[in-house]
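For reference, TrEMBL has these:
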- 27-52: transmembrane segment (TRANSMEM)
- 43-294: domain 'G-protein coupled receptors family 1 profile' (DOMAIN)
- 73-94: transmembrane segment (TRANSMEM)
- 100-120: transmembrane segment (TRANSMEM)
- 199-223: transmembrane segment (TRANSMEM)
- 244-267: transmembrane segment (TRANSMEM)
- 273-293: transmembrane segment (TRANSMEM)
Amino acid sequence: MLGLNGTPFQPDTLQLTGIPGMQTDQAWVALLFCILYLISIAGNLIILALVFRESALHQPMYYFLSMLSLNDLGVSFSTLPTVLATFCFNYRHVGFDACLVQMFFIHTFSFMESGILLAMSFDRFVAICDPLHYATVLTNNCILALGLGILAKSFTTLLPFPFLVKRLPFCKGNVLHHSYCLHPDLMKVACGDVRVNNIYGLFVVIFTYGIDSTFILLSYALILRAVLAIASREQRLKALNTCISHICAVLVFYVPIIAVSMIHRFWKSAPPVAHVMMSNVYLFVPPMLNPIIYSVKTKEIRRGILKACYKP
């Protein structure tokens, strides 16, 4: 569909949607999201402050944890404006260009999280499989290069998305199915030839989630082989215990992604609330749980929190 001047028709605003079937419980949903945001933002800020202040945490593992916390803050702040506007103030409209910007940042931070988890698995691989060279391999320059590489990869692969969406006409309405903007959701209301968007979207998913998850599995296969070669049972358990937090973070991130994909492809008759709830889990749960996981399972982080709490 073309506008009066021959350009593709695009609405000035798009209408966001809350959780289907829960309109009467809007206040409770708003309270829940506020709690999730509060836990996520406070928890990740605490992790960042601890790593910055405690010299004992100036190690590669905690630098990567800081990257994860920064990224989780990015995810939270990307969704926060429209989610709070939708559920707290019942304001359900977002400008078309603002929606594209939000879509770009949500997807960019999501793909960056996958890259950071891969970098953290490399950290655990070197620490367990080649501990004598740990300090020489994971230098500050190496960590900085890895962080910038993850940022550059995510930014460049996601940059075409807003332009690919911008070229499309929107003739199927302007109502989205979430309280934030996602590329698949925009494709449902776009018309015209969306094959380029879908093909490029599939390429980006494989290029990021597919490759990253494969290398994470490979790194843990090598870690497991190295751990099983350790003669002492106590040393084996100690080595594996250093990976527990990262394994939990990987599961918290990838399980919702797999669940969303399975529902989308194999449960076509699923009620809309199932898609919406799984998408919310995928975006809101990892930023909330990651600082909790590392605070509970990492002795140095736990000690730093207790020291800050009981410092006179």
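Don't overthink the numbers, they just go from 1 along the chain as shown.
Cβ coordinates are placed from backbone N, Cα and C, and glycine is handled just like the others.
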Handout entry: Contact yes or no, the transmembrane segment (273-293) and the transmembrane segment (199-223), 3+ Cβ pairs under 8 Å, gap 6+
Key = no
Problem - Beyond the flanks of the transmembrane segment (244-267) by 6 or more, those residues with Cβ under 8 Å of it - result: 68, 113-114, 117, 120-121, 124, 184, 209, 213, 216, 220, 274-275, 278-279, 281-282, 285-286, 289-290, 293-294, 297-298
Practice task
Give residue numbers and ranges for long-range contacts of the transmembrane segment (100-120): same chain, 6 or more residues beyond its ends, CB-CB under 8 A.
Solution key: 61, 64-65, 67-68, 71-72, 74-75, 78-79, 81-82, 94, 146-147, 149-151, 153-155, 157-159, 161-162, 165-166, 180-183, 186, 204, 208-209, 212-213, 215-216, 246, 249-250, 253, 283, 286
Practice task
Express the predicted model's confidence over the domain 'G-protein coupled receptors family 1 profile' (43-294) as a mean pLDDT, rounded to an integer.
Solution key: 90
